[in-house]
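The block underneath contains the structure these notes are about, expressed in structure tokens.
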Amino acid sequence: MALSVEQAVAGRPGNLAGFPGAVWLLLAGDLITAAAVGLTQPYLVVFLHETRGVPLAVATGLVALAAVASLVGNPVAGALIDRWGGRPVMLAGLAVAAAGMLTLAGAPGSAVAGLGVAVTGLGWSVSMPALSTRLATLTVSARHPRVYTLQYALFNVGMAGGAAAGGLVIARVAPASAQGRTVLPWLWIGAAVLCLAGMVLAASAGRQAPPARAAGTPSGGYRQALADRRLLPVLGAATLLSTVGYGIYNAAPPVLAVAANDAAALSWLTIANAVTVVVGAPVALRYAERLRPRTALLWTALLWALAWLVCVPAVAGAGFELRTALVCAAVLTGAGELLIAGALPSLVNAVAPEELRGRYNALSSWSLTAGMMAGPLLTSAATASDDTLALLCTAAGLAGAAGLLLLLTRRSGTS
């Protein structure tokens with residue numbers, strides 16, 4: 001069977017930290033595009049509301065269009081990757097994301113802004129599974145946990161750098177002022193330029209031949225992927241963990257802080273999470289290849305269950321103050337993030353047949369996206385019923401359910 005250029009490169013000795021140069025080009029490009037995300041994403045609602053005059057409720061709702069577009073983009077990306085290879089699909093996704101950012105930069109109102117948000121989200125949802133697929137084919141399977149953990153750490157560095165740069169601009173220029181209406185769109189233009197720079201690096205990482213299919217092997221597509229009993233428990237666990245560690249984690253702390261009249265607790269939560277990821281990244285990289293992916297995900301489930309259980313006494317008024325509880329939750333969540341970053345794609349790619357690798361990675365991304373959408377919905381329902389304590393217990397229960405699903409993979413023989 002003929003090997004793609006990427007597979008051939010993966011078989012060569014690494015030239016830096018055990019990875020071939022093509023991997024480092026991809027990681028550098030991802031670092032740059034992460035800066036584009038950080039430069040714009042945290043300030044999108046502010047930009048739409050104060051600079052473009054979109055009503056606050058509408059601006060907040062428009063942000064959700066990115067996730068909705070991702071639910072469409074992920075499965076489309078998987079089919080395209082398996083048909084054309086990861087390289088052209090990744091480049092197309094980054095180009096679409098750049099186009100969405102340029103649309104947002106010039107958006108005169110809600111309709112065009114919504115289009116820009118959706119197009120940007122669609123682009124990211126196409127490029128991310130393509131990146132995961134390319135990293136899988138460029139590295140030997142034993143190094144998958146390490147390369148995916150490194151990718152996550154570098155992505156966070158890029159996002160932090162972009163957010164810091166965007167924050168400096170926001171601090172110096174009032175978004176609602178005439179100067180703000182002139183200056184702030186350049187954040188999105190700059191982000192589009194960063195996407196184009198990331199495209200150059202991604203294109204330089206080598207060509208990829210479409211996955212070879214053995215003679216007489218039928219193309220099962222998503223039907224075949226979803227019939228894989230090794231994959232389904234992993235996807236279910238990924239959705240549950242994403243709901244707990246991404247969706248609820250992003251939505252619940254502001255609700256808890258407002259209820260406790262301690263908005264400053266959110267800044268401590270952000271700092272604690274960032275420090276955990278930065279300080280813990282070298283440790284995670286060191287042990288990424290020693291800890292089996294399934295075991296790492298089980299630890300993630302445990303850590304994220306504990307993250308919300310430590311908040312229960314504070315919310316119930318029977319323990320330490322909420323600020324301390326949220327800091328503990330942020331540390332536990334950050335540790336789980338480092339584990340799942342390397343473990344989930346490694347486990348998915350371990351069971352993926354070469355001709356369906358794109359679809360397997362797309363389903364993994366789709367599961368995470370679904371969880372990110374479900375978390376805020378659960379938080380909103382709990383807030384409406386004034387029962388945040390039930391939300392915390394539900395989050396811990398969902399993490400426990402994810403652990404049970406992962407235990408089902410023991411019988412399949414996956415790592």
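Along the chain as shown, the residues are counted starting at 1.
The backbone N, Cα and C atoms fix where each Cβ goes, and this holds for glycine too.
Feature annotations, reproduced from TrEMBL:
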DOMAIN    231-415  domain 'Major facilitator superfamily (MFS) profile'
TRANSMEM  21-44  transmembrane segment
TRANSMEM  56-77  transmembrane segment
TRANSMEM  89-107  transmembrane segment
TRANSMEM  113-131  transmembrane segment
TRANSMEM  152-174  transmembrane segment
TRANSMEM  186-205  transmembrane segment
TRANSMEM  231-252  transmembrane segment
TRANSMEM  264-285  transmembrane segment
TRANSMEM  297-318  transmembrane segment
TRANSMEM  324-348  transmembrane segment
TRANSMEM  360-382  transmembrane segment
TRANSMEM  388-408  transmembrane segment
### Query
What residues in the same chain, six or more past the boundaries of the transmembrane segment (56-77), come closer than 8 Å to it by Cβ-Cβ distance?
44-45, 48-49, 89, 93, 110, 113-114, 117-130, 222, 358-359, 362-363, 365-366, 369-370, 372-373
## Note on the structure
Ranked by Cβ pairs within a distance under 8 Å of the transmembrane segment (21-44), the first of 89-107, 186-205, 297-318, 360-382 is 186-205
### Query
What parts of the chain pack near the transmembrane segment (231-252), using Cβ distances under 8 Å and only residues at least 6 beyond its ends?
225, 297, 300-301, 304-305, 307-308, 329, 333, 336-337, 340, 344, 347-348, 351-352, 360, 363-364, 367-376, 378-380, 382, 388, 391-392, 395-396, 398-399, 401-403, 405-406, 408-409, 412, 414
### Query
Near the transmembrane segment (360-382), which residues from the same chain, at least 6 beyond its ends, have a CB less than 8 A from one of its CBs?
64, 67, 70-71, 74-75, 77-79, 81, 125, 128-129, 132-133, 136, 222, 225-226, 231, 234-236, 238-244, 246-252, 255, 344-345, 348-349, 351-352, 388, 390-391, 394
